[in-house]
Ligand code: A2P
């Protein structure tokens, strides 16, 4: 295996490969395409796979991993608690374990701070808050010892993370957020890293036909180091110790994304400076629902999100 790949270290001591294959393939569910993508990824050295119950493909992710033939102990598998399962974390966890059909999960994340009503993904369920949900996640470490290696969160902000930390017995090992050169969230990244929380980046390329691929600063750095824009974007994040979770079903892109190139300090500074340009700061992941004006039932303000969506 490509064990020369870089790793981040969790506060549990576990090593996390810096590049994962993001397994949400643009639509809920999973089919042979996903199984094939996972197998193609393992062949070029990926050992970290990121899914969620919400993606409705945990069974296919498990199938792809088994068919890859890579020993379980070489893999790092992340899945996430669905928003309508905050009231019963244990049952949700057991269900993920069963669907993935693995002996343990390396990282179990609270997918969103938001709890939502069953079958109403844009209606907030305020009968429970994320601190109560986190207590249930903490209990998993005892009741499901050995079956869950680490717990963390996703989509927590500089507003919600401190609220959680104030009450947490176990500091989340990871915060998975949307971050890329057009949504750098450097304050949040610094806050997480100060607390030993590994940051991982979803939509690190900015979805299909990403505008970041055409960014003049990204293109300039790509030309200087003889890399593709995608490689510049991913390595920029990794060089600030952010784990990246790019997704692709295209074998050549899966391979292209798994390449470690070095940006100089000046090249890092050039990409960092994009954050100072308000015209190039927006979220690209399409989670905002215009009808309810929310992201899964919560306003941007409640989430503590400041960057607008494209
Ligand atoms: P595809 O799956 O057809 O290869 P993100 O992970 O930021 O959400 O972006 C994923 C999207 O970007 C997918 O649509 C994927 O397309 C595309 N993609 C992944 N890797 C690359 C790449 N190296 N160059 C161009 N597009 C890519």
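Backbone N, Cα and C atoms are what each Cβ position is placed from, and that goes for glycine too.
Keep in mind that what you see is a predicted model, and the values were worked out from it rather than measured.
Taken verbatim from TrEMBL:
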type	residues	note
DOMAIN	31-275	domain 'NADP-dependent oxidoreductase'
ACT_SITE	55	active site, proton donor
SITE	80	site 'Lowers pKa of active site Tyr'
BINDING	111	substrate binding site
Of 55, 80, 111, the recorded positions listed, which put a C-beta under 6 Å from ligand 1? Please answer none if none do. none
Measuring Cα to Cα, how far is the residue listed as 'active site, proton donor' from residue 80 (site 'Lowers pKa of active site Tyr') in Å? 9
Conformational class of the residue listed as 'substrate binding site' under the three-state DSSP mapping: coil
Could you list the residues of the same chain, at least six apart in sequence, whose Cβ is under 8 A from the Cβ of residue 80 (site 'Lowers pKa of active site Tyr')? 51, 52, 53, 54, 108, 109, 110, 111, 154, 176
